[in-house]
Amino acid sequence: MPLPVLITTANNVQGCDASVLLSGGSKSEQLEVPNQTLRPEALKLIDDIRAALHSACGPKVSCADITTLATRDAVVASGGPYFDVPLGRRDGLAPASSDLVGTLPAPFFDVPTLIEAFKNRSLDTADLVALSGAHTVGRGHCASFSDRLPPNVDDTIDPAFREKLTAKCAKDPNGTVTQVLDVRTPSAFDNKYYFDLIAKQGLFKSDQGLIDHPATKRMATRFSLNQGAFFDQFARSMVKMSQMDVLTGNKGEIRRLNCAVPNARASASSSAAGLLLHTAEQDEGLAADA
């Protein structure tokens, strides 16, 4: 199951409202640079679950709730902690603006910038260090860590690891080559990500800084020594993040057609299709009478 993408879709810049799932327009969040690594199979998975649920129960569960539950279950399936998540979210009516998407934490952020970005979302340093641990699974494109490779100078990366990444990314003319985020156990949700940081093998600048900066070093070190402590904090932080800017009642909706289309657009499409059909029937009738 594509866990990293599920975490991204569950907790996007506008909160847990499934706005990142909206597609088909020039303003889709999926077109923004931070979201261009979203894998189609993850988006399809969410919609397949929605279709099965709505078939069995009717349109009672939002895409936002489905994404939150699927993310939790993917964490568990990968070896991570189970945690209860409150339900009752509604789906957003429109994508977030480009300016808002631009506030998402970037892989080249240093720790002070990360702390400020998380603070702006009512998340603290413990949340930052724990949620970064989701990088125990997943992959990153070369462009996401090219700032750490030649000709740039970065003394915080292991020289052998840097050499390996440089050689790998030199074969990436189309920007499609990826590298696992956790070199030790790339498919398991565990605390080995923090081992990577201690060994100077964090892939992104935003990762490696956690073990080097005094504001985050102690907690990152603790998580490397105590997987249970990491799991406990990760679960708390995920629940906390899953309740940010939640839409309820008439502030949102439960998407009926699929997770990629808001109900207003779906209704407009249906109305347009009906009008075309009606017009075609009228034309056929006129032709028959002639």
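In case you wondered, yes, glycine gets a Cβ from its N, Cα and C as well.
Within 10 Å of the Cβ of SER19 (Ca(2+) 1 binding site) there are 26 other Cβ atoms, across all protein chains. In the three-state DSSP classification, SER19 (Ca(2+) 1 binding site) falls within a helix. What TrEMBL lists as Ca(2+) 1 binding site is VAL13, GLY15, ASP17, SER19, GLU29.
Within 10 Å of the C-beta of PRO105 (substrate binding site) there are 19 other C-beta atoms, taking all protein chains into account. A coil conformation is recorded for PRO105 (substrate binding site) in the three-state DSSP classification, outside any helix or strand. The substrate binding site feature in TrEMBL is assigned to PRO105.
Residues or ranges marked as heme b binding site in TrEMBL: HIS135. According to DSSP, HIS135 (heme b binding site) sits within a helical segment. Packing around HIS135 (heme b binding site) is summarised by its Cβ count: 24 other Cβ atoms lie within 10 angstroms of its Cβ, all protein chains included.
Taken from TrEMBL, the feature Ca(2+) 2 binding site applies to THR136, ASP182, THR185, ASP190. Long-range Cβ contacts of ASP190 (Ca(2+) 2 binding site) within its own chain (separation 6+, distance under 8 Å): GLY79, GLY80, THR136, GLN227.
What TrEMBL records for CYS63-CYS259 (among others) is disulfide bond. Under DSSP, CYS259 (disulfide bond) is assigned to coil, being neither helix nor strand in the three-state scheme. Long-range Cβ neighbours of CYS259 (disulfide bond) (same chain, at least 6 residues apart, Cβ-Cβ under 8 Å): ALA18, LEU21, LEU43, ILE46, ASP47, ARG50, CYS63, ILE66, ASP91.
Over all protein chains present, the Cβ of CYS142 (disulfide bond) has 19 other Cβ atoms lying within 10 Å. Marked as disulfide bond by TrEMBL: CYS142-CYS169 (among others).
Residues or ranges marked as domain 'Plant heme peroxidase family profile' by TrEMBL: 13-262. Looking just at the domain 'Plant heme peroxidase family profile' (13-262), the mean pLDDT is 90.
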If you count other Cβ atoms within 10 Å of each one's Cβ, which of the disulfide-bonded residues CYS63, CYS169 has the most? CYS63
Nonlocal neighbours by CB distance (under 8 Å) for ASP17 (Ca(2+) 1 binding site), same chain, sequence gap 6 or more: ALA64, ARG89, ARG90, ASP91, GLY92, ASP245, VAL246, LEU247, GLY252
